[in-house]
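The following features are taken from TrEMBL:
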- 1-405: domain 'Major facilitator superfamily (MFS) profile' (DOMAIN)
- 34-54: transmembrane segment (TRANSMEM)
- 66-85: transmembrane segment (TRANSMEM)
- 91-111: transmembrane segment (TRANSMEM)
- 123-147: transmembrane segment (TRANSMEM)
- 153-175: transmembrane segment (TRANSMEM)
- 208-228: transmembrane segment (TRANSMEM)
- 274-291: transmembrane segment (TRANSMEM)
- 298-315: transmembrane segment (TRANSMEM)
- 335-355: transmembrane segment (TRANSMEM)
- 383-403: transmembrane segment (TRANSMEM)
Amino acid sequence: MIFHVIGINQVFGIFQEFYTSSQSNIKDAQGQDALVSLIGSIGAGLTWSGSIFMNPLIARLDNVKLVTFCGALIMSLGLTLASFATRIWHLYLTQALLYGLGSSMYYFPLMSLAPTYFDRHRGLAMGIILAGSGVGGLVMALVLQFLLDHHGIQWALRILGIWNLAVAIPVSLVVKHRPEYGLGSPGSMGSNRAHTTINQTLLKRGTFWYQSFGAFLQAAGNVVPLYYMSSYTVSVLSLSRTEGSLFVSINSGVNSLSRIAMGLLADNIGRQNTLIAGTILSAVSVFALWYDAQQARFIAFVVMYGVYAGGYNALLPTTITEIYGVENYASINGVLYFIRGLGSIFGAPVAGLILGSHSRSSASSNTGVSMGLGPIRKRYNDVVIFDGMLLLAAAVCVGYVRWLDARDKGTWRWKA
């Protein structure tokens, strides 16, 4: 499930590199990174932000199979219709809106139920489940580039739509609530599922507001390397699109392994501690390895960012239950993922505005491409600074949440 839903979101940078190139079939998208990145950002943003609508619905349904089934159909329809696009606004309607809506309907019924099946090793379990997104990115990056090279963008989208349908429909038919979390009488364990409205006392806690702000910033910063990794490879390093897709694939593969490792580490040293460390090191890797990077250092960034950025998505659901209690999981999870969706929509398009419009037809890693505002390498360095600051600010918020949570509970534990 995670494999194809998030996998397709993670490799949008390959779509973006193609759409903005001189070979693009969407003429008004050529050189327009901000406008094109908004397509992927809306798709990914809707995947996350749909939680605020999906979680209350899930909590009130005994059978969520119909929701996931409809989500699978809408996702595939979005990809297939995108293959007929000739203008950039066509992609906003199909690859952005339809795919994003469908993926949210498909994703949250499964992901919202998953933590209820695990107790003691919840961090490791969620790490393994969410590692599927990294595996999806690993495979999808190579598959997508192969389809683009050999069949073109139209058939690449159609094949992905058909494949998505073939994989998603069987999964949608087996999803169900954990029995003891079914709808029950008030006071029963089943009532856990009914808490989809945020407890008003939680809104007065600093932990909620700082965790929300941190979730927005981390989501905004996290998507920037994913969307611009491939274009940096082509525009600045003067490498091929195939090599760009390989870097995306490597990053996703490392990210997948990291989510499992981070989950295991979290169960041993504390979930919040691991979340803080991963967020800080993500920011450090952006500043230290991506800024003004030549090929060797960029490869190091591709790997190390995959290592450090993998933990946040895997650990956020587990920290929600730890900080707010399992009875508030559905409501807090829905709001935080809604906020993360907004962050996803914000980060990459702003990075595209910083980068500006340009042509990649004569990219050179030495002289750059003229954009009227300076060489493209300098513009990418500005993007890196923007991204690093987002992640660094997110790390500050995550760390402060750790301190506030300990203060509210009246005790400090090193393992938390």
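Glycine is treated like the rest: Cβ placed from N, Cα and C.
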Study note, to complete from the structure: Contact set of the transmembrane segment (66-85) with the rest of its chain, CB cutoff 8 A exclusive, min separation 6+ beyond the ends, reads 5, 8, 25-26, 54, 57-58, 91, 93-95, 97-107, 109-110, 153-158, 160-162, 164-165, 168-169, 171-173, 175
Practice item. Within the domain 'Major facilitator superfamily (MFS) profile' (1-405) only, compute the mean pLDDT. Key: 85
Check your understanding: Which listed range (208-228, 274-291, 298-315, 335-355, 383-403) shows the maximal number of Cβ pairs under 8 Å with respect to the transmembrane segment (34-54)?
Key -> 335-355
**Study point:** Sequence-remote partners of the transmembrane segment (208-228) [C-beta within less than 8 Å, at least six residues beyond its ends]
**Key:** 10, 12-13, 16, 33, 37, 40-41, 44, 48, 202, 248, 251, 279, 282-283, 286, 290, 301, 305, 309, 312, 316, 323-324, 332, 335-337, 339-344, 346-348, 350-351, 355, 380, 383, 386-388, 390-391, 393-398, 400-401, 404
Check your understanding: Can you name the far-off residues of the same chain, 6+ from the ends of the transmembrane segment (91-111), with a Cβ under 8 Å from a Cβ of it?
Key -> 1-2, 5-6, 8-9, 15, 19, 26, 29, 36, 38-40, 42-51, 53-55, 58, 64, 67-68, 70-79, 81-82, 85, 129, 157, 168, 171-172, 175, 317, 337
